[in-house]
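Q: Sending over a structure as structure tokens; questions will come in a sec.
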Amino acid sequence: MDGESPEIMPVECPDPEPASSESGDDHDIPEPLSSRLSVPSGELNLYRAAVALRLVLLAAFFRYRVTRPVADAHALWVTSVACELWLAASWLIAQLPKLSPANRVTYLDRLASRYEKGGEASRLAGVDVFVAAADAAREPPLATANTVLSVLAADYPAGGVACYVHDDGADMLVFESLFEAAGFARRWIPFCRRHGVEPRAPELYFARGVDYLRDRAAPSFVKDRRAMKREYEEFKVRMNHLAARARKVPEEGWIMSDGTPWPGNNSRDHPAMIQVLLGHPGDRDVDGGELPRLFYVSREKRPGFRHHGKAGAMNALLRVSAVLTNGAYVLNLDCDHCVNNSSALREAMCFMMDPVAGNRTCFVQFALRDSGGGDSVFFDIEMKCLDGIQGPVYVGSGCCFSRKALYGFEPAAAADDGDDMDTAADWRRMCCFGRGKRMNAMRRSMSAVPLLDSEDDSDEQEEEEAAGRRRRLRAYRAALERHFGQSPAFIASAFEEQGRRRGGDGGSPDATVAPARSLLKEAIHVVSCAFEERTRWGKEIGWMYGGGVATGFRMHARGWSSAYCSPARPAFRRYARASPADVLAGASRRAVAAMGILLSRRHSPVWAGRRLGLLQRLGYVARASYPLASLPLTVYCALPAVCLLTGKSTFPSDVSYYDGVLLILLLFSVAASVALELRWSRVPLRAWWRDEKLWMVTATSASLAAVFQGILSACTGIDVAFSTETAASPPKRPAAGNDDGEEEAALASEITMRWTNLLVAPTSVVVANLAGVVAAVAYGVDHGYYQSWGALGAKLALAGWVVAHLQGFLRGLLAPRDRAPPTIAVLWSVVFVSVASLLWVHAASFSAPTAAPTTEQPIL
């Protein structure tokens, strides 16, 4: 290491503070800052009874299906029964963790009275906010600027907030837009604090159609709002000018204002960059108030090094923030997720700083909303149900982490089990690393053993003791560097944070000062591309490499619990509604990540996770294996079309009275369980139906492709990336100094697939079912087989169920728009359906014996 790097200083863990209460009586137990409430027993018991009835009827239904084969369509019958069994097993795995839902309540007034007493400095813990910006070409810089402004204007002590924006593409446009946002923040933040406006993303705030004059707003507020809106319009003009200029990339690359080339002209080969935008000494807003800190970060990238995408960027920010600000908690956001509730950070602190459960809470996952109200079923049903067990899963954004949990430590209850162990025993436990207990043993050893060399004493015995301490010190340092990396400043901050967190209140934020030059140099070092080599980053500490769900899974496996927070006003909201291409691309990425976790040797919930309960494990298995259900679902959606076009059936033609009653009761139990689930979750029926249609579209497209991509990636190491462009586009900017050979080598392990390719399967399914419905009805009317309308009605009902789920997708596919619909997807679908039908007729003409006409004549 460089000689100017900071030395590791001795770290002493302070004794825990005595518990205090709001009344001031030391003997009183402090009031909790949050509580978990169960769903009313009447609603929950009815829901459980409906699920149990559905399970019993499913067992009877499968007994009927297995014992009543269809002789003239044996292959179709076997296929349909196999699909039904597969889908039923998937439903059961996902249903069992959903039997104990819970609701959370936070007490912001108690948080304020405990940590923000009048006349005293705020003792709320420091929070480092990470904003991930991946590609400025797809993510408008105005969206990133709004996200940053909403974070900086949050209702939280300014000295306790530090915002880090990671630019994974090293784009000069992102840097310039953040520079403009930092200047606008000096006026926007005091405006929000003076008037308490919501939301605090200026684009979302000024887009609200509210008549403030009708509400008799104060004249000063109306005047300030008009002036601020005028300034924001000017800010948008400057941002749009930057975006327009960025489309014309100079041949020699971008040049900064001082005449030097932009270091990130080559997005795949550039040095690390860190710039302090807010937080210099004397930085004040227009009202003279303190400003939060804002940093621009772009990690180093070199050919030949794996960068691990978003997880690698988050780990880089975790190390940089530890060196510069070292907040006790970390909140990560995507660049298009704005803070919609200014009290979001306080809501998170109600869980993290809770005197009862705070030491066992690894992260708080917030609900993520958009203007269309999507994902209501996932957040308001599935996440609440997991919250009743060990906690919700991590979904990749809108999550507040404990830094201690990210570093691989175990919760306080597990960490305090063996505090009487000596130093030698500690070393024996931590020599191999990879376990939370070894990390906690190291923490105790670090607090017990000074980290600076002791001076030799005259006494021989003291010299021997000093020599032994130095040997142990070298061993500890080597072990720490193998685990965390070769950065004394980062290692010291890791154990400093633990001592501060164990003090009881999570520590108080330091004053806003500009980082020393030596700290910035160390921060540059910890984001170098070679820093993680031969360390445990991405395997045991930080964000796990292999999928976002794996990060929360590893924490739960160590014994931590998590919390789900969904305040009345959503904490975070998407800047703009996602396009269909972005929806499919996002669904594809999540499904591929889920398959990667399921097939992982380290993070698979099927066998990993020593401290997971059965229901929590089933919740993770359901979350990781959901793409597999796309295989039977796609086949089952195609079966009605096959039956209508061939005159075959997957059910026996003679249905007894008992069989009919069983089928009716099964359908009733399905409807009852869904209705009761919507009742206790308060999810509107319209939102549920929208989620069902989206589930069908993504299951037959993105999830179906993800199954093969996951298997391909696990077997060959080839990753498949999806592009939201319908045609090949030129590179974003020139890669100076990188010839074609190096570029091909960088892309050798990645296959790019356009999003329109995902539309072939759902388009084929809906076209085949529509063709089957039209052909079957026309054939029945033309030939007068009215006695067969009963059997035909069942087939039409199944085909109608498929078409009803995909009709929104079909309307969107054929709707008029600025550009033509993806013709290639429609053509491939029609060709696929036609070829499949002809092959069936060709095979049936040689295999089926000649028979007299019946009411079940093949239509083709």
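Using N, Cα and C of the backbone, Cβ positions are placed for all residues, glycine too.
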Q: For the record in Swiss-Prot, which of the ranges 223-249, 358-384, 736-762 is the coiled coil one?
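A: Checked against Swiss-Prot: coiled coil maps to 223-249.
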Q: Just checking the record here: does Swiss-Prot list Glu31 and Ser701 under the same topological domain, which would place them on the same side of the membrane?
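A: Yes, same side.
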Q: What is the average pLDDT across the topological domain 'Extracellular' (648-657)?
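A: The predicted confidence over the topological domain 'Extracellular' (648-657), as a mean pLDDT, is 84.
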Q: Out of Arg138, Lys310, which of the binding-site residues has the smallest number of neighbouring Cβ atoms within 10 Å?
A: Arg138
Q: At a threshold of under 8 Å on Cβ distances, which of 44-64, 73-93, 627-647, 758-778, 790-810 pairs most often with the transmembrane segment (658-678)?
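A: Going through each listed stretch, the top one turns out to be 44-64.
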Q: Would you kindly give the Cα-Cα distance separating Arg138 (UDP-alpha-D-glucose binding site) and Lys310 (Mn(2+) binding site), rounded to the nearest Å?
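A: So the alpha carbons of Lys310 (Mn(2+) binding site) and Arg138 (UDP-alpha-D-glucose binding site) sit roughly 15 Å from each other.
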Q: For the UDP-alpha-D-glucose site made of Arg138, Glu139, Asp168, how many Å separate the two farthest Cα atoms?
A: 13
Q: What does DSSP assign Asp334 (Mn(2+) binding site), in three states?
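A: DSSP assigns Asp334 (Mn(2+) binding site) to strand.
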Q: Have a look at the binding-site residues Arg138, Glu139, Asp168 and say which one has the shortest Cα distance to Asp334 (Mn(2+) binding site).
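A: It is Glu139, whose Cα lies nearest.
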Q: Over all shown protein chains, what is the count of other CB atoms within 10 A of the CB belonging to Asp334 (Mn(2+) binding site)?
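A: Its Cβ shell of radius 10 Å holds 23 other Cβ atoms.
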Q: Cβ within 8 Å of the UDP-alpha-D-glucose site's Cβ centroid: which residues qualify beyond Arg138, Glu139, Asp168?
A: Ala133, Ala134, Asp135, Ala136, Ala137, Gly169, Cys335
Q: What same-chain residues lie close to the topological domain 'Extracellular' (648-657): Cβ under 8 Å, and 6 or more beyond its ends?
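A: Residues 68-70, 72-73, 76-77, 79-80, 639, 642, 663, 791, 794-795, 856, 858 contact the topological domain 'Extracellular' (648-657) from elsewhere in the chain.
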